[in-house]
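TrEMBL has this to say about the protein:
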- 1-422: domain 'Major facilitator superfamily (MFS) profile' (DOMAIN)
- 12-28: transmembrane segment (TRANSMEM)
- 34-51: transmembrane segment (TRANSMEM)
- 58-77: transmembrane segment (TRANSMEM)
- 119-138: transmembrane segment (TRANSMEM)
- 150-170: transmembrane segment (TRANSMEM)
- 204-225: transmembrane segment (TRANSMEM)
- 253-274: transmembrane segment (TRANSMEM)
- 286-307: transmembrane segment (TRANSMEM)
- 313-341: transmembrane segment (TRANSMEM)
- 392-416: transmembrane segment (TRANSMEM)
Amino acid sequence: MIRNENGNYRNRSHLISIVLKILHLTFYNSTPNYRALHFFMVAAPIFGYLGDRFNRKVILSCGIFFWSIVTLSSSFISKEYYWLFVLSRGLVGIGESSYSSISPTIIGDLFTNNSRTMMLSVFYLAIPLGSGLGYILGSSAKEAAGDWHWALRVSPVLGITAGTLILLFVPEPKRGSADQMGGRIKTRTSWFCDMKALAKNRSYVFSSFASAAVSFATGAFGMWIPLYLARAQVVQKTAEPCTQEICSSTDSIIFGVITCVTGLLGVVIGAATTRLCRQKTERADPLVCAVSMLGSAIFICLIFVVAKKSIVGAYVCIFIGETLLFLNWAITADILMFVVIPTRRATAVAFQSFTSHLLGDAGSPYLIGLISDALQQSYATSALWRFLSLGYALMLCPFIIVLGGMFFLATALFFLDDREKSKHTNSVQEAEEAAAV
């Protein structure tokens, strides 16, 4: 039965992959802001609960339409109502949370093993690609129209298109259809039971903390690395200190391009490496993540060693370090699919996102800024000390990354046991459903 259904799902998967990729691009076309992040963190657990119990296609589409309408509406808000504009940008996070919590579970119900890793990789490729296209489309629309408001009127069109395609053409996949040898899993447990089970799932807990370490580093880097490199050029006397309110954005653009490229490379290399390593060990997923993070920490440390002498050398270290850091994006999601039963996956994805942001990029930029300011108080007028103090503060990131690598090693210890427990629970639920019929 499941084999016949898999044949149908394979035919549909091409459309689903295209729709989900378009959708991911639309969300990352938006300029990130912390108010949206706060709304995202609040809404994600709610959508996780709904995604495990109701029609995911409808919930997903409603979230997309809400996001698109809010984004489009915000482009018509005048400067007299700036507070309303800020609020609307925060509400964007609600739409994003519906998408981020539910979409991976749909992919998880369509594919297994290497096929699922590959499809999740395609899905997560849209993060760096969408980030890069966001700058390009937004700036192009602004320049073409002569009004920055038009930068917010491009992505809603893509969002509405994707939401409509999902409603009309994408079926609601059966939960557990790719994992079960029987029909649809109908057994539901309470939210408290789900949370208790997830808290006891050691692989899930450790991989969630490791994901938070990645989020911590990427959030801090996105905020402070361009400024750090600009200060490095002042120390090298290849640039003058910026005393204007708006400074050159060259370093930000270069760093943005590097982040997009390394994101693409990291996801592709991570999927290929995991697929190869699975032939050698069943613990390949968490081990690849652990090794990549530990390797990333080395090159990120080297950034602060070479930046004082060579900006090009610093960019090379950033390129290698970020590529290794981004290797685990799709693999972390795949680990979750292995160790969490289908009826809890949306909740698991949502709370993993919540934890990653809460312990990661929701606070890391502020923390790095506070440490840097505290270090440079005594020598505030020294360009060298401003450069060094920010570098010392950013040195916290590789230590956090090493900690994340250790969490992935801990995940590897329990991965096989938790995977077997997930399979056993699936089998028990299937037997209960058969007995009830």
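Each residue, glycine too, has its Cβ placed from N, Cα and C.
Not measured: the values here are computed from a predicted model.
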Task: Count the Cβ pairs between the transmembrane segment (392-416) and the transmembrane segment (286-307) that lie under 8 angstroms and are 6 or more residues apart in sequence, then report whether there are at least 3.
output: yes
- line: Sequence-distant contacts of the transmembrane segment (286-307), meaning Cβ under 8 Å and at least 6 residues beyond its ends, amount to 203, 207, 210, 213-214, 217, 225, 228-229, 232, 270, 273-274, 277, 313-314, 317-318, 320-322, 324-325, 327-328, 331-332, 335, 391, 394-395, 397-399, 401-402, 404-406, 408-409, 411-412, 415
Message: Checking distant contacts: for the transmembrane segment (313-341), what same-chain residues at least six beyond its ends satisfy Cβ-Cβ under 8 A?
response: 104, 108, 116-117, 120-121, 123-124, 127-128, 176, 185, 198, 201, 203-204, 207, 210-211, 214, 217-218, 221, 225, 229, 232, 254-255, 258-259, 261-263, 265-267, 269-271, 273-274, 285-286, 288-289, 292-293, 295-300, 302-303, 306-307, 348-349, 352, 401, 408, 411, 415, 418-419, 421-422, 425-426, 429
Statement: Answer key: the stretch among 58-77, 204-225, 253-274 with most Cβ pairs under 8 A to the transmembrane segment (150-170) is 58-77
Query: Restricting to the same chain and to residues at least six past its boundaries, which positions have a Cβ under 8 Å from a Cβ of the transmembrane segment (204-225)?
result: 32, 198, 255, 259, 286, 289, 293, 300, 303, 318, 322, 325, 328, 332, 335-336, 339-340, 348, 351-352, 355-362, 364-365, 367-369, 372, 390, 393-394, 396-398, 400-401, 403-405, 407-408, 410-411, 414, 418
- prompt: Taking a Cβ cut-off under 8 Å, which residues six or more beyond the ends of the transmembrane segment (253-274) line up next to it in the same chain?
  reply: 117-118, 120-121, 124-125, 127-129, 131-132, 135, 221-222, 225-226, 229, 284-285, 288, 292, 315, 318-319, 322-331, 334
